[in-house]
Amino acid sequence: MLHNPLVQFDIKKLIDIKVMDFDISFTNSAAYMLLASVLALTYFYLAFSNPRLVPSRLQISGEIIYNLVTDMLNQNVGSKGRKFVPVIFTLFVFILFCNLFGMIPYGFTVTSHIIITFALAILVFLMVTIVGFVKHGMHFLSLFLPHGTPLWLAPLMIIIELFTYLARPASLSLRLAANMMAGHILLKVIASFVVTLMIYLKFLPIPLMVILIGFEIFVAILQAYIFTILSCVYLNDAVNLH
């Protein structure tokens with residue numbers, strides 16, 4: 001019997017907490033976000049707490065992730081982006097660990113929920129907007145009118161650019177949530193047929209599952225990278241008005 005592949009995304013209360021009429025219960029989603037944060041902090045503390053001239057494997061892996069983030073900022077924002085390394089690095093690591101936690105058997109994929117990814121996207125959107133106005137003042141609004149636009153086309157271009165700008169949180173959040181959900185649904189559906197397929201195809205389904213799991217891990221890493229690099233592109237608009 002095929003189990004509902006959407007059950008794995010159910011949010012369950014672990015500790016029921018209510019303050020007046022507000023439900024602020026501690027859920028499996030909150031637990032996995034907390035666990036991912038603690039694990040990430042522990043990982044990078046161990047990687048960088050005692051740096052060596054001849055680095056350990058843990059230090060090398062931590063440096064690779066750090067250099068990846070700094071390269072993203074340098075390539076998309078330039079030297080002015082260095083001050084945003086802590087924010088972008090935290091964003092990338094949090095999404096990466098949450099994505100990878102979903103690959104653990106009986107784990108929970110936090111980033112498959114649009115409310116989580118939308119909250120992250122809104123934070124990026126607010127940061128970009130605030131940085132833009134703080135750095136450029138009202139001149140930041142020139143972002144919505146590309147240089148060289150004919151005067152008669154200006155009203156239409158402003159509307160299009162404004163709509164595109166406001167749609168950024170939706171596109172960022174939907175891309176991440178949809179990709180994580182689709183991949184896990186596919187794995188769940190195929191895994192439910194593995195036992196049946198083994199009767200007819202012997203051990204062939206096992207390598208297939210290994211390949212699919214490997215591909216899903218790749219997607220988890222890729223989606224964290226895409227979310228972060230798009231955040232850098234948006235940040236470039238605020239810093240350099242490009």
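Placed from the backbone N, Cα and C atoms, the Cβ positions cover glycine too.
The annotation transmembrane segment is assigned in Swiss-Prot to 29-49 (among others).
Feature annotation from Swiss-Prot assigns transmembrane segment to 84-104 (among others); the stated evidence is sequence analysis. Using a Cβ-Cβ cut-off under 8 Å and counting only residues 6 or more beyond its ends in the same chain, the transmembrane segment (84-104) has close neighbours at 32-33, 35-37, 39-40, 44, 65-66, 68-70, 72-73, 77, 110-112, 116, 120, 124, 127, 176, 180, 184, 213, 216-217, 220-221, 223-225, 227-228, 231-232, 235.
Positions annotated as transmembrane segment by Swiss-Prot: 114-134 (among others). Counting residues 6+ beyond its ends, the transmembrane segment (114-134) has Cβ neighbours under 8 Å at 29, 33, 87, 91, 94-95, 98, 140, 143, 168-170, 172-174, 176-177, 227, 231, 234-235, 237-239, 241 in the same chain.
Per Swiss-Prot, transmembrane segment is recorded for 140-160 (among others), and the stated evidence type is sequence analysis.
As annotated by Swiss-Prot, transmembrane segment applies to 189-209 (among others), with the evidence given as sequence analysis.
According to Swiss-Prot, the feature transmembrane segment maps to 210-230 (among others). Counting same-chain residues at least six beyond the ends of the transmembrane segment (210-230), those with a Cβ under 8 angstroms from any Cβ of the stretch are 68-69, 72, 76, 88, 91-92, 95-96, 99-100, 102-103, 111, 120, 172, 175-176, 179-180, 183-184, 186-187, 190.
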